[in-house]
Number of protein chains: 2
Amino acid sequence: MYRSHSCGELRSSDINTEVTLAGWVQKIRDKGFMIWVDLRDRYGITQLIFDEERTPKDVTEKAKKLGREFVIQVKGNVIERESKNDAIPTGAIEILVKELTVLNEALVPPFTIEDTTDGGEDIRMKYRYLDIRRNPVKNNLLFRHQVGMKVRNYLSQEGFIEVETPYLIKSTPEGARDFVVPSRMNEGQFYALPQSPQTFKQLLMVGGMDKYFQIVKCFRDEDLRADRQPEFTQIDCEMAFVEQEDILSIFEGLTKHLLKEIKGVNITEFPRMTYDEAMKTYGNDKPDIRFGMKFGELNAIAQHKDFKVFNEADLVVAIAVPGGASYTRKEIDKLIDWVKRPQIGAQGMVYVKYNEDGSFKSSVDKFYDQEDLKKWAEKTGAVPGDLICVLSGEANKVRSQLSALRMELAERLQLRNPEEFAPLWVVDFPLLEWDEETERYHAMHHPFTSPKPDDIPLLDTNPGKVRANAYDLVLNGNEIGGGSIRIHDKETQALMFDHLGFTPEEAKAQFGFLMDAFQYGAPPHGGIAFGFDRLVSILGGQETIRDFIAFPKNNSGRDVMIDAPANVDSEQLKELNIKLDL
Amino acid sequence: MYRSHSCGELRSSDINTEVTLAGWVQKIRDKGFMIWVDLRDRYGITQLIFDEERTPKDVTEKAKKLGREFVIQVKGNVIERESKNDAIPTGAIEILVKELTVLNEALVPPFTIEDTTDGGEDIRMKYRYLDIRRNPVKNNLLFRHQVGMKVRNYLSQEGFIEVETPYLIKSTPEGARDFVVPSRMNEGQFYALPQSPQTFKQLLMVGGMDKYFQIVKCFRDEDLRADRQPEFTQIDCEMAFVEQEDILSIFEGLTKHLLKEIKGVNITEFPRMTYDEAMKTYGNDKPDIRFGMKFGELNAIAQHKDFKVFNEADLVVAIAVPGGASYTRKEIDKLIDWVKRPQIGAQGMVYVKYNEDGSFKSSVDKFYDQEDLKKWAEKTGAVPGDLICVLSGEANKVRSQLSALRMELAERLQLRNPEEFAPLWVVDFPLLEWDEETERYHAMHHPFTSPKPDDIPLLDTNPGKVRANAYDLVLNGNEIGGGSIRIHDKETQALMFDHLGFTPEEAKAQFGFLMDAFQYGAPPHGGIAFGFDRLVSILGGQETIRDFIAFPKNNSGRDVMIDAPANVDSEQLKELNIKLDL
């Protein structure tokens, strides 16, 4: 036993106790006749004191040679601290050291082990084991554990069973790219790592498991954008004999429970919105509803005047920016430049200042009078003092541009409070989406999502209009979960594969086992999956997932700490019956 | 909502309630004027009754067309059952059906969905989703979930943090064969799937996480023996600032907790035994101590007589078989044949009957008198009525042969009671073991295990004699966990790699990140990993793991249900910069 107490637990009531502590040297202050050392472990910091008069001389000598991040063990007495430190729980006491053992020395760390470090992203990743010693990263990992435990205990109490599904499965060309694993024992064949346990959880429903969940790693070999990882964690859930309403209600319960238990937040409103409504109102299928700036569509009131730009537009749509009437001309020009950047792609922006005195001043005063502009204000909910920003063009594009502007302005106006939580269900997603590149329809969610029964005839006439029993859980503008009611009969599943461009042979080769299973008594079922990395980071008040993952990979999919991936020797490849083809 | 109640919850107190149930048709008894259907779901079975007089005619007609495993929904009244069934919790009631909806039809299942099925292993695996409907498999999966929750909650309460370590890591030639994953983004390079999170958990200790655990999938590309899986689950644990005793004590606590909570068994004795003692006493490093038959070494008393076989033997060793004196000559001959089978490999077996009257009758009466044989009885603890079985030969081989005989006899004598639990620590394992094939020493546990400090000098003179701070947790003759105190300084780790035949360059290329980490303040640390599949199966009173895994693979590493591994198309391989080399 290297210690009697942790570095976070001693208090005034422990004064005069003999203790043994072990940990890392956080800080040393050497005043000559007296040395203070901050000793750190996972649980906190305790101040050690080496005192010319009361500490054996050889011990003090040893203390003088300590360096940052040395691992030491000390024995001593808990004494009252002269100048107390209210900032830490152990701040009332210190340890008068009698014995000191250096358990391990340490080189000078390549960056400071402090809450705010001087280390850049790259060096922090290379020495991730040092980065984890820092409170911000350490606390994120502790937080992640707590959230995981709460999720498991809640679902378990609700009758869900965690079932481990396999990691070595079969590659399917549908969806994202798979990571594959050559099989040595089955020459020339490959496993794939799961993009999700989708088909297995459906088979568990066919198998009568009724309520399933799993916190599970999933894999996608995609080109990595910022804040995407090739391996990520999902809370994966499925239920039998349910309709959409049952799923929404159970997972509203989970979300409320987590927010209450972890953040102390009571959620009273849990709104729902159709996909169409979300796109119309926020230009986005994962709207942040912590703040307003809802879209106002102006076609009816802004077209048929002489302003050609609007008249020719598919959609004229606007938002009211709170307090924006006070923006200077320069500020507004900058905003216009911002929406015209290639990443956003707007052609331009019309603006209207709704002055405090109730008058309007716009960039299109030539075409619209005060009465016209008052109607725009009504449509966008603008009040005196606001700035109305208007974009126009092709409906989908302009919605997406205005959505980006809305988010950017909310960020600037600090309307996105990380300690406020506004969950939302977005429902009735389209079943299919048109892919420009391949010129065919893809499953928006996945090929197992059930179309709304009333919309099935549209599959032949207007596939893009078919709505699915699919839903997303949105929290503060982030999609944290998504799911659907599944197809549970072979005929509908075959119809779906057909519409996705599978030949019957392809469908059978890839998903025959699932369609077979549907013939042996499949119950109606549906489910949801949460992005656990994302959920944890949003609950933690942050929007980047990387520091909630112990050992993340960089944007090239590399683990720079262990230097993976790496070359493997040719013997190993030979055994696997593959060779490089560079 | 497809149901108001599950099929397992209705009781007498629910009589006269209107209910809606959904589930699978387990059994149909059609008496013409009356039809009974057993409706099944995860929670139980409820009897439905369709009655000529009280059920609408069209409903009864529909019921007549039901088949086994159809998925149905019924509405009706809970009524008292005429002939109660005490065997099931719902046996006091039945549902008088008023409405029947067939939610999904079912083909006749390829095997019976009963506790004892007519389906063989292969067909059960192909239709695993049907197999999971059977109570024995379903209950195993529910049991596994319960054990997992208990483990997580216990460790979490003890201050352990579950940290997810990466699945895409780096291949290392040491140890078993890795599964590898070609990287598309890093041409010609490969990830490996982890055989265990060993190095990552050690880095978490360097990172100050203090107490880590994870229930995690691990992967080994080995030729599969019965009851081995290419992917398996581990309860992986690591602690900082601990000595061996601390680890043993914490995980004794976990084991006792599980046995108490899950099996209602109070463990009072938790013995410890050195590896040497286990080998001498049981011929085995994972002895089943639920029963005796301890080894008695007879060299001192059986050699130096005229029996050449014994005189020339390295070791003469025996066990006493309870009640074996009554075996017939034929039975004993069969036993001798059993030990001479090539799988066991004994040259022969000497036996001594210790008759009820106190006299001895042996197969070597020519060489040994009653006084001699009495000493043999003393050494083996034989009492009148027992049979003493003696094997001789090279010490390691003969111990292993006698151990096999001991286990076989215990099985036959039903001394291995699956509801009795006898845990045991085996400690002081050798650090290294000699590998005949490669003619060098291998790490018995893994290269990160610390040698006992006193034994380090032996590394140069007698490597096989160096003991490690390594321990196994044995339960009922199965190794369920194993671990060690780790090396935590660069010098010892380098020394160890050197003794394992690594050049300094190889050590740096493969484990440089770990040795670097040891230079930045690594605390003393150690840990343990449990085979979760095995633990669950033993707690469940069974010795095969396959039916505690939802979707296991067969002995060729195939998932016969989804038919994986499979071919992937050449485009996919091209993207990965590999090609087949058959």
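Note that Cβ sites are derived from N, Cα and C of the backbone, with glycine treated the same way.
All annotation found in TrEMBL is predicted automatically rather than curated by experts.
Features of the protein shown, as given by TrEMBL:
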type	residues	note
DOMAIN	B:151-552	domain 'Aminoacyl-transfer RNA synthetases class-II family profile'
BINDING	B:GLU174, B:ARG220, B:HIS445, B:ARG486	L-aspartate binding site
REGION	B:198-201	region 'Aspartate'
BINDING	B:ARG220, B:ASP221, B:GLU222, B:GLN229, B:GLU479, B:GLY531, B:PHE532, B:ASP533, B:ARG534	ATP binding site
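The binding-site residues examined here are B:ARG486, B:ARG534; by Cβ neighbour count within 10 Å, the least packed of them is B:ARG534. Under 8 Å from some Cβ of the region 'Aspartate' (B:198-201) lie the Cβ atoms of residues 165-166, 169, 212, 214, 236-238, 446, 448, 511, 513-514, 527, all in the same chain and six or more residues away from its ends.
Straight-line distance linking the Cα atoms of B:HIS445 (L-aspartate binding site) and B:GLU222 (ATP binding site), rounded to a whole number, equals 17 Å. With B:ARG220, B:ASP221, B:GLU222, B:GLN229, B:GLU479, B:GLY531, B:PHE532, B:ASP533, B:ARG534 listed as the residues that bind ATP, the site has a largest C-alpha separation of 21 Å. The Cβ of B:ARG220 (L-aspartate binding site) lies under 8 Å from the Cβ of B:ALA176, B:ARG177, B:ASP178, B:PHE179, B:GLN195, B:PRO230, B:PHE232, each of these being in the same chain and 6 or more residues away along the sequence.
Taken residue by residue with DSSP, B:GLU222 (ATP binding site) is part of neither helix nor strand, so it is coil.
Taking the Cα atom of each, B:PHE532 (ATP binding site) and B:ARG486 (L-aspartate binding site) are about 22 angstrom apart. When other Cβ atoms within 10 Å of the Cβ of B:GLU479 (ATP binding site) are tallied across all protein chains shown, the result is 15. Taking Cα separation as the measure, B:ARG486 (L-aspartate binding site) is nearest to B:GLU479 of the binding-site residues B:GLU222, B:GLU479, B:ARG534. Remark: secondary structure over the region 'Aspartate' (B:198-201) totals 4 helix, 0 strand, 0 coil, with classes taken from DSSP. Annotation note: B:PHE532 (ATP binding site) sits in a helical segment as assigned by DSSP. There are 22 other Cβ atoms within 10 Å of the Cβ belonging to B:HIS445 (L-aspartate binding site).
Here B:GLU222 (ATP binding site) comes close to B:ALA176, B:ARG177, B:ARG228, B:PRO230: these same-chain residues lie at least six apart in sequence, with C-beta atoms under 8 angstroms from its C-beta. Taking the Cβ of B:PHE532 (ATP binding site) as centre and 10 Å as the limit, one finds 27 other Cβ atoms among all the protein chains shown.
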